[in-house]
Amino acid sequence: MQATAYLSSGSVPGAAGSLELLVQKDRVPGRAIIYVAVMYVGSNQRVRLVERQRGHDSVYGDKQKGRKGRPEWKFESKERQMAEEMKLPVIRASIEVKERERISRAQQLQARPIWEPRTAALLVLLLLQTQLSMCLKELRTGGSSLPAVSSSSSSPSSSSSSSSPYNTTQQRLPGAIIIGVRKGGTRALLEMLNLHADVEVARAEVHYFNVEEHYRRGLAWYRAQMPFTLPGQLTVEKTPGYFAAPQVPARVWDMNPAVRLLLIVRDPAERLVSDYTQVLHNRMTRHKPYQPLEELLLHKGHIDPSYKAVQRSLYHLHLARWLEVFPREQIHVVDGDALIRDPFPELRKAERFLDLPPRISPNNFYYNTTKGFYCLLSAGHDKCLDESKGRPHAPLSTQAFRKLCHYFRKPNKLFFEMVGRSFSWC
């Protein structure tokens, strides 16, 4: 039997998450099990309850005498240690538990909060932090006003939420998804879209639609992986593994038939080499054996079509599955090679496709001569892509690369016809 303390009315207005403090009756009269509320304030903000099992050692912190001799538990040592290990803030609070009456050898517990001035001050700071972060994001893109507060049902970001109506920020299902391609520039596109004041992105690849274990957890789990957004903001998720997974298009449609899809592509031969380079780097880092690229790529002197990296580069086959479910106008194709050479024109096209006001400008990019590609600039701070970008590719002989280009020539032509444009690929 559980009773929710007055401290947990659902959510704290303006805070980037919910606070809950639960008290559950124990077998021993006058003793309670404390469920500790931890607030996550990172990019994936959510609430988790940490439980101790029943028994004498079930309560976090030390049992102390409260006022008028009533038992009182204060949270200190365990939560502080947990916060240091997880690098998360913990709201310190305490409740008083007193005996009301006996009903069938049980007690009905009533919890009353004890608010410390520091707790109230922290909640005010969380509210200010939320508002300040929105102002800073607006300033860094050169905007003049905050996003609209009222939500619209036609907006791609107006999905159902998992947060309390008392909170201005909510976790929403994505209104746009970057579906691929793998090693095509998906991370660069996501970071560049995040420059926009009306966009919030999921930092990690969620792999909800293409991993069965994740998909079985349902939309509530998927939504919980999304960032907190204000009404009118667009949530964007990217998982490049979606594009080549046969089961994903129908699942995405079931989630939201109006979702916007972004597909960033690059030269399939270059993509394949980059794909292998990443796998090679991962295996070398973990001290695992690996095969040279040409051994995997060629079989008796010919391209091996069973090699997974080859299959991922057959864009026309995968796009055909998406077009069986979604209309062509809901899929925007981004030129990954052009995005690296000159980001702004491709970003402006993406803004129009997502129905976003034009906020990103050429001043948000600068060319880093040392790294050899563009970096992002916002609010006076620069951000370059991680060290894996621009990593030297695995060696491949000129003859093998020519065979690769020849192999992709016909599939590329079919892809060009499907998207209504051509690309300067080998």
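Cβ from N, Cα, C; glycine included.
Annotations in TrEMBL come from automatic prediction, not curation.
These come from TrEMBL:
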type	residues	note
REGION	55-78	region 'Disordered'
REGION	144-169	region 'Disordered'
COMPBIAS	144-165	compositional bias 'Low complexity'
DOMAIN	176-389	domain 'Sulfotransferase'
BINDING	Lys183, Gly184, Gly185, Thr186, Arg187, Arg266, Ser274, Tyr374, Lys389, Gly390, Arg391, Pro392, His393	3'-phosphoadenylyl sulfate binding site
ACT_SITE	Lys183	active site, for sulfotransferase activity
DISULFID	Cys375-Cys384	disulfide bond
Worksheet, complete the sentence: Cβ neighbour count (10 Å, all chains) around Cys375 (disulfide bond) is 17
Worksheet item: Expressed to the nearest Å, what is the distance separating Gly185 (3'-phosphoadenylyl sulfate binding site) and Cys375 (disulfide bond) at their Cα atoms?
Response: 13
Worksheet, complete the sentence: Judged by other C-beta atoms within 10 Å of its C-beta, the most isolated of the binding-site residues Lys183, Arg187 is Arg187
Practice prompt. Round to a whole number and give the Cα-to-Cα distance in Å for the pair Lys183 (3'-phosphoadenylyl sulfate binding site) and Cys384 (disulfide bond).
Written response: 17
Response to the item:
Gly185 (3'-phosphoadenylyl sulfate binding site) has its Cβ surrounded, within 10 angstroms, by a count of other Cβ atoms equal to 27
Response to the item:
Between the C-alpha atoms of Arg187 (3'-phosphoadenylyl sulfate binding site) and Cys375 (disulfide bond), the distance in angstrom, to the nearest integer, is 13
Item to complete: Based on DSSP, name the secondary structure state of Lys183 (3'-phosphoadenylyl sulfate binding site): helix, strand or coil.
Response: coil
Item to complete: Have a look around Cys384 (disulfide bond) and count the other CB atoms within 10 A of its CB, chains all included.
Response: 16
Item to complete: May I ask you to report the DSSP-based helix, strand or coil state of Cys375 (disulfide bond)?
Response: strand
Worksheet item: Which whole-number value in Å describes the distance between the Cα atoms of Cys384 (disulfide bond) and Ser274 (3'-phosphoadenylyl sulfate binding site)?
Response: 19
Discussion item. Quick check: in three-state DSSP terms, what is Ser274 (3'-phosphoadenylyl sulfate binding site)?
Written reply: helix
Worksheet entry | Residue pair Cys375 (disulfide bond), Ser274 (3'-phosphoadenylyl sulfate binding site) - Cα distance, angstrom, rounded | 20
Discussion item. I'd like the Cβ neighbour count for Ser274 (3'-phosphoadenylyl sulfate binding site), meaning other Cβ atoms within 10 Å of its Cβ, all protein chains included.
Written reply: 22
